[in-house]
Amino acid sequence: MKKSKKLVAGLVTLASVVTLAACQSTNENTKVITMKGDTITVKDFYEDAKNAASSQQAMLNLVLTRVFEDQYGKEVSSKEVEKAYNKTAEQYGTSFANALAGAGLTKESYKRQIRTTMLVEHAVKEAAKKELTDANYKKAYESYSPKMTTEVITLDTEDAAKAVLGEVKAEGADFAAIAKEKTTAAAKKIGYTFDSGDTKLPADLVKKASSLKEGEISDVISVLDPATYQNKFYIVKVTKKTEKSGDWKTYKKRLKTIVLDEKTKDTTFQNKVIAKALDKANVKIKDKAFANILTQYANTDKKADAKPSNESAGNPIPTEGVPTEAPEAPKSDAAE
């Protein structure tokens, strides 16, 4: 399955104001536009533009860029940014310039966004390492299921999935043979080996497989494909399960990866890290128009006690303009 990549529109409204203000001969009364009987000054433009939703996001990104550049600037090299930029450019090929232009981005502004994203991600990863306590290891162990071998049927419609479910659950049915015939997965792949911490397969599929006993077959599992925004339907059979050791330390290396992955993907945790950086920088908002741009980072200590969530109305990391990659599914030990 091809990965979905996109460039989200750049936020240029406030950036235009900043660019104007940066000019040596420019002040708030500098005339930007003249016309019969009227003029538009830098101040006029700013007062109008600052209330736009795009300007709110642009100001937030500007704040985060300044704060994280100051606190973590040495942790991300220009070589790393260039590598990420070139990777995206190669993926888009000859259409990359048009993609940037369509998103309101330039080569340099896109690189700045990549860099800011990397700086925030670095901060989150470093904070996550401090969560590697025995208590968190044990908590992860409680819900951990060791490696299991499965057969997975991938289908495109719910009706087809229900029909196939009836076939595989019929007495004497050969699940593997039916799976090979019916699956719509690339290369007719049906075999997957993974543990409960797998992040390459759909989370709902992994969760369901982890709850099954050896030889059991799931019901139809519906999963939204992030690449196409269409539902995919899965039926999984667990053919072999590894017995779980009674000592959590047996899996310490694997549990470390799981804890770190859970923390870095948890938006509440991300917000808490960002809030701490903002507090350290003593950020104060002086213009009431931007009074609410940091609201999502307020009261993060209280939110941290709530159930972790990987879903959010908006990504706390400023990734506008940065391409997002949808995970391939299902995929685990071997590529399709």
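Heads up, the Cβ atoms here are built off N, Cα and C, so glycines get one too.
TrEMBL: automatically predicted annotations, no manual curation.
Residues annotated as domain 'PpiC' in TrEMBL: 145-240. Among the features that TrEMBL reports, region 'Disordered' is placed at 301-336. The signal peptide annotation in TrEMBL covers 1-21.
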State the mean pLDDT for the domain 'PpiC' (145-240).
97
What are the DSSP helix, strand and coil residue counts for the domain 'PpiC' (145-240)?
31 helix, 29 strand, 36 coil
